[in-house]
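S.K.: As annotated by Swiss-Prot, transmembrane segment applies to 28-45, 117-132, 141-155, 196-217, 273-287, with the evidence given as sequence analysis. Annotation source Swiss-Prot lists pheophytin a binding site at W125. Residues or ranges marked as site 'Stabilizes free radical intermediate' in Swiss-Prot (evidence: sequence analysis): H189. Annotation comment: Swiss-Prot describes H197 as chlorophyll a PD1 binding site. Positions annotated as Fe cation binding site by Swiss-Prot, on the basis of sequence analysis: H214, H271. Residues or ranges marked as quinone binding site by Swiss-Prot: H214, S263, F264.
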Amino acid sequence: MKNSQAVTSLTWWSVVVAYIVSTNSRLYIGWFGVLLFPLIAVSTVAYVAAFILAPPVDIDGIREPVSGSLLYSNNIITGAVIPSSNAIGVHFYPVWEAISNNEWLYNGGTYQFVVLHFLAAVLAWLGREYEYSFRLGMRPWIYLAFSAPVVAASAVFVVYPIGQGSFSDGMPLGISGTFNFMLVFQAEHNILMHPFHILGVSAVFGGSLFSAMHGSLVTSSLLSETASYDSLNAGYVFGQEDETYAISAAHGYFGRLLFQYGSFNNSRSLHFFLAAWPVIGIWCTAIGVSTMAFNLNGLNFNQSLLDSSGHVVNSWADVVNRADLGMEVMHERNTHNFPLDLA
């Protein structure tokens, strides 16, 4: 009897394991997926509930709560999950650390709950990509590419609040909250003049340009496999071994149009470049945010130009600095009267 139960139990577990690691399923689960799906479900439900229902949060720790939910007079644009209170700092603040659920909500415990579960889910997705690639015998470039947004999110939601000493400095989880975070970040750290941020911007915009160029070149040089009155697409099947476009013709065109040495005649080199450019740039952005988290800020050229009499000749850097002062004065206006860190 015991042997029969053991065999039944073993068979049941074998079926579960086979389903989890199967690469033939419509949706690959994987061992990391066992973590991923519950985590992303919990964080999504908590986020939606907080966005709709959460009471105001004492974000600055001065007993002046800020509302972020739809129930408290916000809309889709102004709504957000408000970061944890400055009174909590960088302490881990699960619900059992508060005296009551009302206190936990008042101090913004929902923010930590959503952010930490979401980041854990994103890391599980990263691991799932590696696991799936490994089981298919693929190299781990997809996993490596996705590491860029993972480290960027980690820099914004974890490293920056830790460096600043409080989760209240984290990015609010909403549309206007994101823009508010960006403006305050510029005011306090001059991110526009940080070399790593400049690299990140060139990567994102450059990557968009290169992708558009590549796509237009490919679709303009498809090899015709059909009669003139049939669709060009009818001559191809998914996964075919033959080339679908003439790379030499496409990049010969590009080389003559713009720059001879800016074109590729090797498909692998081309696609590696298209992947590496934005990934490396976003890595640089994450490094930049992480350094500014500890106040290693952007370059400062304020009042750097003087005339022969020693008077300041205002430059664009001084205009930006004046704007930064204005944004900093408006930020946390009830907490301080003037930004001493920029005075």
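Note that Cβ sites are derived from N, Cα and C of the backbone, with glycine treated the same way.
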S.K.: Given that the record lists H214, S263, F264 as binding quinone, what is the largest C-alpha to C-alpha distance among them, in Å?
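M.R.: Between the most distant Cα atoms of the quinone site, 11 Å.
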S.K.: Tell me, how many other CB atoms lie within 10 A of the CB of H214 (Fe cation binding site), whichever protein chain they belong to?
M.R.: 18
S.K.: Have a look at the recorded positions (H189, H197, H271) and report the one with the fewest Cβ neighbours inside 10 Å.
M.R.: H271
S.K.: What Cα-Cα separation, expressed in whole Å, is found between F264 (quinone binding site) and H189 (site 'Stabilizes free radical intermediate')?
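M.R.: Cα-Cα distance, F264 (quinone binding site) to H189 (site 'Stabilizes free radical intermediate'): 39 Å.
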S.K.: Select the closest residue to H214 (Fe cation binding site) from the following recorded positions, measuring between CA atoms: W125, H189, H197, S263.
M.R.: S263
S.K.: When you rank W125, H189, H197, H271 by Cα distance to S263 (quinone binding site), which of the recorded positions ends up on top as the closest?
M.R.: H271
